[in-house]
Structure formats: C-alpha cells, structure tokens
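One structure is given below, encoded as structure tokens.
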C-alpha cells in the first residue's frame, strides 16, 4: 500500500530490473519482490556489502498483482512485502508462507508489541510475518482551496469533506478523488457513518454503498496514485490517500514553490492503519538469504534510514531515536496516542463477501 | 496438391516423402492444438470450477473417491452469474462499441493511407511502409503512456490549443471514452493499413484503365471496381483491429475513465481483486464465443470470394 508513486518509472524500472535479474546469476542471491520507493537508496547495496548476498529486486504496484503471482505458485521470489490485513492474513490461511527461524532474528524483540499483537491475530505466534513499515489512510487536503470553498474555520480532519453532499458539492469544483480500493473506501464510509468500520452486516454495507453513491457525482476520479501529482500541482483539493504518498505530494509542492500547500490529516471519525509485512514464500529458492535480509532490515539504523527516505513509520522501537526529528514529530507519520486510538485495522472479510464488495465497487464507480 | 505430390513421389524415396508430408500437415495442427486448443481446454476447465483460497486458487474438477468412484463436479454458476448480472452484458456491449468505433476510425484513416502507399512509386513505397512500421520499435505500453502526456489537462494538446487561442479552458479528454477511441485508433492503425496495402497492390491496374476507356469517371471507377475488389483487405484489416480491441485492457485502463466498463477490465478485477479465476475464465469463454461469430463471417466471405474467382 506504500508509494503508489510515479507509475511509469516504476514499471520501466521493474522491467529493467527483471531483465537484470535474469542476467545476474551469482551464487548467493535473494530475489525480492517489493513496492517501489520502499527501500532507501543504499539499503540493498549495504546488505550486499555486509553479507555478500546479491539482492535482485523486482517491483509491483498493487497487492493484487503480488497475490496473483503468489497464488499461481513458483513465483521464484524469496522475500515479499504484502499488506498484513487482509492480504497476508489470507495468504497465511492459504498456507503459502514458510515459518521463520526466530533464533536467527534477534531483532524481533525490539518490535512494537502492539503491532506484533495485532499481527498475531492472523499469524498465531508471529510465526511467518515480520512487520516492515506502517502508515495510515487519510485525507490529503489543499487547505487554501478547501477554506475558500467552505469558509475560514472549516475543519479539515473529517470524512465529511467527501461524504457530506453539501460540502462535497462545494468542493467538486476544485476536485475530490478517492482511492480505487473498495476496502479502503467502505472502511472510510462506515467510519463516517459512525458504524463499526469492520462491520459485515449487510444493512451497514448497504448504508455505506448509499453514502458512496450519493457522493459519486462530486468525485472527479478513483485512482490510487494520480492524486499525488494532482495534489502537488493544485489540480485536486481533497484526496483520499496513503499517508506517505500525501507527504510526498507535500514535499513536491514545496519543491515546485508555486504557492500550493498540501497537508495530511487523519480524520477524526477514524481511519485505516495498515502494516506491510515481510514473508518468505514456501517455494522460495533461497530462504536462508531471505532470513539474512530480514535480519538486516531489523537493524535499527538500517530501518531508520528507510523511514527517513520513504516517509513511512517503522515498528522498530530501537530505531525511533535514530529517525530524523522532523519525521518523528510529524503527526502524519507518527500520530500522537489520542489519534492512534482512533485508528483501526481492516479485518479480513470472507472470500464471498470480498467478491460481493468488489462487484458492488465496479457498479458504484460506473454509476450504475 | 495431388499433382504436386505425384511429382515429388518420383523424386524422393517414399518413406521420406511420407514423413515430410506428415510434418507439412501435422505442424499447423500441432501449433493449433498446442497454442489454441490446449489453452482453451484449460480455460474451459477452470471456468467450470469454484474459487478456492489455495494454490492454485480453484477447485479440482474431478476426484477419485473411494472404491474407484470418479467424482466430477461441474460448476455452471459462473455462466449463470454472467447471464443474470447485467454489468457483464453492459461491459461486453461497451467493449463491442469501442471496438466498432475503433475499427471504423482505423478504416476511415487507414484506407486512404494504404491507397496512397499502394499507388506511390515503387521506390517510395518501402519508405512509406517503414514509416508505418517504425512506431512498433517502441514498446506499445510506452506509446500509450505518451498519450497521457499529450491529452492531459496541462498536456501538449491543451497547451497548444490554448496558445492558439482556440479554447479558453483546457479540454477534458484524458480519462474519457474519447481518449480510449484515440488510443485504440492510434495503436491499431498499422493492423488496418498493412493488409489493405497488401490487397491494394495486388489489384490489376488494367481494370481501372478499362473502366476509364469505357467512360467511367475516376470516383465511380473507385466505387465500382477498386472498393469491391479490396473488400477482402477491408475485412481482414477490420478483423485484425476489432478482435483484439474487444478484449483490450491497457488502453482503457490508462486513458479511459475509471468508471468505464470494459470486459477486459472486468476480467482483471475478477482475476486479481476477486481471485475468482473461474469467473474470469467464464468471461473469457463468453468473449471467445462472441468473437467467433465475426470470424466465421469473415471465413464465409473469403470463401465466397474464392468461389467467385474460379
């Protein structure tokens, strides 16, 4: 769910790296399948220096693509980075990961116990999954344009910007975008309605669908990465998006210096907290190398550098003091505890419900 | 064929001849079996299964139960769902519509181009054909991405029109059906031009001379002589454009609106987001069935054409 950034270069890069990967046939290798912009620039070169294992990196841009490859089998990857809920949870059920040798991963006990406990719900005993980075899904807002449309004291930290038809109709002119992801959008709609965001009750889903349908005329587009550049150049004023991506848009707007301001807000009604995890597929060709890479990424100084680079928080408590103060104090990256209390993790839905939700989503998007 | 084989029989020992004939006839069938029938059988088999959270993500079709009983489970629910849920029909109709518009656009643009190339001096033809083929040297994906840069609200086209003063506010073309038409026509134009060109160069120029001698004006000669004779080229080019465009996924995904329904995108959703390989396979089967009809029509037209000539 990280950096849905710059689709074109990502695709090109992944093709290029794929080509490189097939050429490189060194002895000790580890094949990594990760989101793009999810390592610091020197993370992998540092790993090779330390261990002598040659990392080969491929990139993907959605959990679905990763999942399709893993379920088809014989993916050839040694280490993958799915989002814990609901993806990795489902993979654990399908039995496609191998258990970790915890004796070789001494860094595990530095990880945030709250996150480990939440992972243990889907991965008993934390046997297969190690958390890598985490973030939230909230609102990227252009404060000047939103206040111009709604008034000086309009609150920015609320889903009402999207789901209250009165506010949304005033903001439609400057542009509202939603993630193209039913799990995220339904969770936000249920949170706005004050219902359990994980509710499986048909009447709750029905109410959420009605809410989204009513907002549909005011939504400019559904997309999971387009909003980054649109926020940065002022083409959109409210975007439902991932924390790190919105923060990237903020940095880009600052660099462009054209008077566009972007802020990231976690809505007061509650928002999704997600964790991306590391896991080793059962049919991984080099599981020992993958273990070595996990151990390396558990090193506090390594993961602190990653967070500094990608604007996502990490679960390593020993790394927190090493992170740049500017990031550590950013409530969008490390939310204060009263905000964290409002965050929730999407539960896994049954396969049948998930399909129902996805088909409902296709229908809502096409305005039928 | 028979005459040919009799002659070659005299030239070669018969065992070797039989082998070569086997290879000659067998190879196309082997190709067809390996790359069409076998994948089709696999897709058909998956379309009759049920989705499952496993590796691979669908149920087995048959199982050996105890005491030699073979249990076969066929799930027709996928086809039922496609029939009952009108979203699939709507997507299919929209895909067919986009393919139709794309094909007509390619034909209207491609016919004059193919005609111009076919009637150009021989030396220049090679150059002109090269210009048609040249874009293929760049990846299809990159060429479609380039259109995003052209059609964007602050892209090349809008900036140019704003600069000309033709428009005051940028046109919204990207993420609309119009952008899909543009992308489709651009990408598939060569597939229309090449078969048309091949057909038009084979036309006998003396037929047009005869028409002119008999007092037929050029335009009438074109509609009465050239156009009917180039019909096989038109049909071949149209099929080459129409059939792949119906299942097109990349162009609507990159250029179209997120709400637009295309059968290729629905298949993506079923395959990736829903992990419902059986339903995606059933959609593929339905799509194939829909596409077989124009293909059969084309075969018949070509048959008529050949019968007409002999």
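Note: Cβ is positioned from N, Cα and C throughout, glycine not excepted.
Here residue A:182 (spermidine binding site) comes close to A:357, A:358, A:360, A:361: these same-chain residues lie at least six apart in sequence, with C-beta atoms under 8 angstroms from its C-beta. In the three-state DSSP reading, residue A:182 (spermidine binding site) counts as helix. What TrEMBL lists as spermidine binding site is A:181, A:182, A:183, A:184.
Summarising the annotation, TrEMBL assigns signal peptide to A:1-26.
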Sparsest-packed of the listed binding-site residues (A:181, A:184) - C-beta count within 10 angstroms: A:184
Other C-beta atoms that fall within 10 angstroms of the C-beta of residue A:183 (spermidine binding site): 23
Beyond the site residues A:181, A:182, A:183, A:184: chain residues whose C-beta lies within 8 Å of the centroid, for spermidine: A:179, A:185, A:186, A:187, A:361
Cβ-based proximity (under 8 Å) of the binding-site residues A:181, A:183, A:184 to chain B, or none: none
